[in-house]
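For reference, the structure discussed in these notes is given below.
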Amino acid sequence: MSLSSLTLDSNPRFAVGGPYHRRYPPLHHPRSFVSCSAKRPAVSASLSVAADSAATESLGRIGSLSQVSGVLGCQWGDEGKGKLVDILAQHFDIVARCQGGANAGHTIYNSEGKKFALHLVPSGILNEDTTCVIGNGVVVHLPGLFKEIDGLESNGVSCKGRILVSDRAHLLFDFHQEVDGLRESELAKSFIGTTKRGIGPAYSSKVIRNGIRVGDLRHMDTLPQKLDLLLSDAAARFQGFKYTPEMLREEVEAYKRYADRLEPYITDTVHFINDSISQKKKVLVEGGQATMLDIDFGTYPFVTSSSPSAGGICTGLGIAPSVVGDLIGVVKAYTTRVGSGPFPTENLGTGGDLLRLAGQEFGTTTGRPRRCGWLDIVALKFSCQINGFASLNLTKLDVLSDLNEIQLGVAYKRSDGTPVKSFPGDLRLLEELHVEYEVLPGWKSDISSVRNYSDLPKAAQQYVERIEELVGVPIHYIGIGPGRDALIYK
C-alpha cells in the first residue's frame with residue numbers, strides 16, 4: 001500500500017474517541033499529478049531565479065528578528081527545530097540551549113549534505129562564527145558531551161573556544177541513567193516512556209538540592225563527599241541500584257579527568273550572555289523537546305522534567321523576560337509523539353504506519369518508531385497561547401505530497417457532544433474525547449524543489465493558510481525537505 005492510498009476510512013482506528021469529519025471546500029483548479037522521485041531534478045534557469053528571490057526574502061525575514069529570539073517546539077518534540085536554528089545561526093552571534101539534556105535530538109545537515117545528530121551541543125555549531133552556550137538550565141552528561149565534540153572535530157567542525165558550558169549547569173552521571181531505567185520498571189502500567197538518558201533523576205537531584213554542578217569540578221577536594229551523598233541516596237531509593245566504595249573511587253577518578261578537559265569550556269554564562277546583550281550582540285535560544293512535554297503545561301506525567309516553553313528561556317539562561325523578543329514555534333505538518341501519553345489525533349491504523357515511513361519517523365535519540373497522526377490544531381493553539389509565538393515554522397510539508405486528502409484535527413468534543421474549548425489538563429478527558437476533523441484536498445505533486453511560496457500547488461497553499469487562519473499566527477517558514485536549502489520563506 002502506498003501513501004497515496006491514505007484517504008478517509010469509513011471506520012478508521014484512532015487513538016481516542018471517534019472522529020467527526022467535515023470537508024473543507026474543495027479547490028476549483030485542475031490538479032496536477034507528478035510522480036515523486038528521490039532524485040532531485042536538474043536546476044533550470046527559472047529555478048535559479050526563484051532561488052535568488054527566495055534568498056532575498058530570507059535575508060529580510062531573518063534580519064527583522066529581535067536581538068534575543070528563540071526557536072521552540074509546538075508539539076511533542078521532533079518537529080525539526082535544529083534545522084531552523086542552523087539556518088538562523090548564521091545571523092546570530094550566540095546560540096544557546098536553556099533546558100533539557102541529551103534527551104533532545106536535533107538533526108542538521110552541513111552545506112555538503114552531511115548529517116549531524118546533536119544532543120547537547122547547540123545546533124549553531126556548524127556556523128563557524130557562532131558561539132554556542134549550554135546554559136544553567138541544562139543537565140550535562142560529560143561523556144556524551146565529549147563524544148559529540150570529538151565527532152564534530154573529526155568531521156572538521158572546530159569546537160575550541162566556541163562552546164561555553166555554564167558553571168551553574170547540573171551534572172548528569174551514568175548512575176542517573178541507570179536509575180532512570182529502574183524508575184521506569186517501577187512504574188509498570190503507568191510507564192512514561194522516557195529516553196532513559198537520566199534526565200528526570202538528574203533534575204530530581206537538582207530539586208532536592210544534592211546535585212553536583214559543573215562549577216563543583218573546580219573543587220575536587222569536596223567532590224568525593226558530594227558524590228557519596230548522591231550515590232547513597234540513589235541506593236536507599238532503589239533496591240536494584242548497588243552502590244559500592246569501588247564505584248565511588250571509579251567515578252571520582254573519571255571526573256578528575258573530565259574536569260581537566262572541561263575546564264576551558266566552563267564559563268559564567270549568565271554574565272556572558274547578559275554582557276553580550278548589553279554589547280548589542282544577537283542571541284538565538286534553541287529549545288529542546290517541546291511545549292506539549294512541558295513539566296507544567298504538557299500531558300503530565302507523560303512529560304519531560306524541564307520547561308521547554310517560553311518561561312524556560314529566562315530561568316535556563318538567567319536573562320530578563322523584557323529582553324526576549326521574537327519566538328518562533330516549530331510545528332510539523334502532521335503530528336508525532338515518542339513514548340507513552342495522550343495523543344488525541346493519533347492514527348493507529350495503516351495511515352499512521354504510512355506517515356511514519358514517508359516521514360522517516362524514528363527518534364534521533366532513541367531510534368524508537370514515533371507514533372503518528374494528523375495535525376492537532378487544538379494542541380497547536382494551546383502551544384501558541386502559552387508561548388506567544390510571533391511566527392511559525394511548518395516543517396515536513398513535503399511528506400504529505402502523495403496524499404489524496406489531508407485531515408486537520410480542529411476541535412475536541414466530550415462523548416456527549418459538549419465542546420472542549422481548550423487543550424485540557426485532565427488526562428481522563430483526553431483519553432475519552434472525540435476529535436472533529438476538517439478534510440482538505442491533497443496536492444499530489446512533488447514540492448521538494450519549490451523555493452517560492454507562490455509556486456506551491458494551490459492545495460498546499462490552502463493547507464498552510466487554513467492552519468494560519470485556525471491558530472491566528474502567521475507561518476513564515478515552510479520546510480519541504482531535510483537540507484538547509486529546502487525552506488520556503490513566506
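Glycine too: its Cβ is placed from the backbone N, Cα and C atoms.
Feature annotation from Swiss-Prot across Ser46, Ser232 places N-acetylserine at Ser46. Rounded to a whole number, the C-alpha distance linking Thr366 (substrate binding site) with Thr107 (GTP binding site) is 13 angstrom. Of all the binding-site residues listed here (Gly77, Gly80, Gly367, Pro369), the one with the fewest other CB atoms within 10 A of its own CB is Gly367. Take the Cα of Arg368 (substrate binding site) and measure to each of the binding-site residues Gly80, Lys83, Gly105, Thr107, Ile480: the nearest one is Gly105. DSSP classifies Leu397 (GTP binding site) as helix under the three-state reduction. Taking CA atoms as the reference points, Asp78 (Mg(2+) binding site) and Arg370 (substrate binding site) are 9 Å apart.
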